[in-house]
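Remarks on the structure that follows.
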């Protein structure tokens with residue numbers, strides 16, 4: 001499932017297995033009926049999402065929807081805030097900075113000693129593929145794959161995938177029976193709601209600024225986090241980008257310097 005769906009989706013331009021190749025009738029391959037087409041789409045496609053989108057999804061007749069897009073299997077990208085291992089599962093709290101952290105549960109095989117049963121440590125950026133679930137009105141993911149990011153560009157790529165996938169799916173679901181895309185673009189309007197503000201951090205900061213702020217917040221030392229530590233932990237960012245983020249956060253009152261000009265603490269720290 002992983003290789004034929006999730007990875008092929010990530011490495012393709014929304015084509016091939018797990019992709020979103022558009023045809024006049026909607027999804028790429030012909031289908032005997034609209035119901036079967038939708039069922040096949042839910043079963044086969046893994047839809048990239050933000051946590052904000054997942055938390056706002058509606059559940060009707062055991063089907064999750066974001067706007068007019070049906071979802072079942074999804075991917076998210078975020079940072080692990082907390083990890084707790086039980087005998088049969090691992091529960092992570094994953095934060096993509098679009099909403100509150102989301103619970104992600106990964107079931108483990110007690111007889112299997114492979115890396116699948118290894119707890120990924122907190123403060124690790126990961127890509128998660130799983131099934132959206134709701135229990136007592138609380139949404140969570142049941143993961144079938146959790147993979148640490150090797151390159152932070154994957155974070156940016158995921159955001160672009162979120163926009164594109166929901167745009168394509170919204171258009172497909174908005175098409176009339178004749179197969180021609182409507183002139184007035186409700187799909188684009190929906191996609192704007194999906195891919196516009198929803199993937200931006202809720203606090204109005206950029207992804208880079210949030211990464212710097214979260215590292216400073218997480219530092220337990222009384223003197224705070226020093227600039228060298230920021231550089232060591234944000235190797236994907238240039239020194240000038242880190243400095244710009246620090247200067248912005250300081251000017252906006254999110255952080256302050258402590259023992260010297262190179263140590264910073266969050267104003268939200270307890």
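Cβ coordinates are placed from backbone N, Cα and C, and glycine is handled just like the others.
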Considering the residues 8, 115, 266, which is the one that Swiss-Prot annotates as phosphoserine?
8
Going by what Swiss-Prot says, which of 33, 174 is noted as phosphoserine?
33
Looking at 21-41, 42-62, which stretch does Swiss-Prot describe as region 'Disordered'?
21-41
Please work out the helix, strand and coil residue numbers for the DNA-binding region (74-148) from the DSSP assignment.
3 helix, 47 strand, 25 coil
